[in-house]
Amino acid sequence: MAVGIVPTSEGSADYNGRITWFVVLSSIVAATGGIIFGYDIGISGGVISMAPFLKKFFPQVFTKMTTVTEISNYCVFDSQLLTSFTSSLYIAGLIASFFASPVTRTYGRRPSIIIGGIAFLIGSALGGAASNIYMLLLGRILLGVGVGFANQAVPLYLSEMAPAKYRGSFNIAFQLCVGIGVLFASLLNYGVQKIKGGWGWRISLAMAAAPATFLTVGAFFLPETANSLIQHGNDHQKAKKILQRVRGTTDVQAELDDLIKASDNSKAVKHPFKQIIKRKYRPQLVMSILIPFFQQVTGINVISFYAPILFQTIGLGASASLMSAVVTGVVGTSATFLALLIVDRVGRRAMFSFGGIQMFVSQMLIGIIMAVKLGDHGVLSKGYGLLVLVLICIYVAGFSFSWGPLGWLVPSEIFPLEIRSAGQSITVAVGLTFTFIIAQTFLAMLCHLKSGIFFFFGAWVAIMTAFVYLFLPETRNLPIENMESIWRDHWFWKRFVCDEQDYDKSDTTYTSIS
């Protein structure tokens, strides 16, 4: 039995346009939100491995790291206060995402990006100037507000601006920027930890202001998407002009008609969060929850947040650990760039499957090596340490090729306009919830599960790879406003979306599939 189909659409052939410099530059500015998100992810793990930072804000951890010798390799950094520094950003982002949803729906994508950029600026200033733990955590919380707004608006903006046949590549630009942000943070951490006087961590925390400034200033010059202009302003002529400009052609009537039709449907929906729980939206609701959940339980944040700490656990020194984080950052960014080039040719499902298998195999091997060769108080030999680093790079490449970019792309393109802001808000909220949980619990999990942590995440990778194969239809090259066809033709989801009692026959021409 077929478990997925490649959709076709008559509407897709009617859409005219090409990639223009206007849409490229607009998308580059918007995707800078990904650089800040990646920077905030990457910077924390390096900073909390720096002795001067620990000595100032987390003296108990510093004492345990430098004076206690009988403690397990896996438990040196186990501190709930220390993990709260990392995780506070994500709980703040979770709360902010619910405020971001009505802003994005009512006022447009651009205002949400601006609000996110301003919050990033203030948060980075507080972090760099922090003199006590309260300033430090407040700075992280404001960065989280920026994440909540930017992650709500940017993926939607990119999906709506991009031509249908290139939507995957444009949207993956966000994840590519996340990878660039992680890499830049790792490089900066490696450089500033050598500064005499021990204040290099201040540069690491404050430098988030650089991309935040670019995003905030640039956002004032961004055009609003045609989808958003029609949805909240009902300005069809302005939307048409924007569409003509971003598509590079005057013949955009077919696409505009689809946007207007979708907007008319969306305006009948006063409460999108109530609408999204209806039976006919069951596929989108399930994907908006499970895809971001699965993205987090791949275990990638073990690497993104705590790579330097993880490398110190296997016996590398502080400087070597930070350089190893740089190596994994280069690998991840390169794999994401590859995904950007091929996603609209190969398709989403094939990339999900290939990346999942790659992650599963590498995680199993890492767990076996650490279980057999490391132990609680030993040190990996240079050869095995290098092997673990290579396997971690293979794992990072698998994630960056699949679940990293596609975890943002697929949810942003599957929602009809009437529930799009609600669906994206749920996606962001679920992702940030489990990011927070993993960030807050990982060091304790590492202490208790030891090498078993890799088997734990590997099991989830096996489950999610099977889920995608069975339940996710292909979305490649289908116009975003015609996406409902993939659910009507899917072997499992058609029983929900084609249920006649959930359709208003006066508003649809679809025929029930028995």
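Backbone N, Cα and C define each Cβ position, glycine as well.
Automatic prediction, not curation, is the source of TrEMBL annotations.
Small disclaimer: the values here were computed from a predicted structure and weren't measured.
Residues or ranges marked as domain 'Major facilitator superfamily (MFS) profile' in TrEMBL: 26-476. Per TrEMBL, the feature transmembrane segment maps to 19-39, 81-101, 113-135, 141-158, 170-191, 203-222, 285-309, 321-343, 350-372, 384-410, 422-446, 452-472.
Using a Cβ-Cβ cut-off under 8 Å and counting only residues 6 or more beyond its ends in the same chain, the transmembrane segment (203-222) has close neighbours at 26, 29-30, 32-33, 35-36, 39-40, 43, 46-47, 110, 113-114, 116-118, 120-121, 123-125, 127-130, 139, 143, 146, 150, 157, 181, 185, 188-189, 192, 195.
At the 8 Å Cβ threshold, with sequence separation of at least 6, the transmembrane segment (350-372) lacks contact with the transmembrane segment (422-446), having fewer than 3 such pairs. In the predicted structure, the domain 'Major facilitator superfamily (MFS) profile' (26-476) carries a mean pLDDT of 84. Looking at 19-39, 81-101, 170-191, 384-410, the range that has the most CB pairs within less than 8 A of the transmembrane segment (141-158) turns out to be 81-101. Listed as Cβ neighbours of the transmembrane segment (19-39) (distance under 8 Å, sequence separation of 6 or more from its ends, same chain) are residues 113, 116-117, 120, 146-147, 150-151, 153-154, 157-158, 161-163, 166, 170, 173-185, 207-208, 211-212, 214-215, 218-219, 221-223, 245-248. Here the transmembrane segment (81-101) sits apart from the transmembrane segment (384-410); fewer than 3 CB pairs are under 8 Å, leaving out pairs fewer than 6 apart in sequence.
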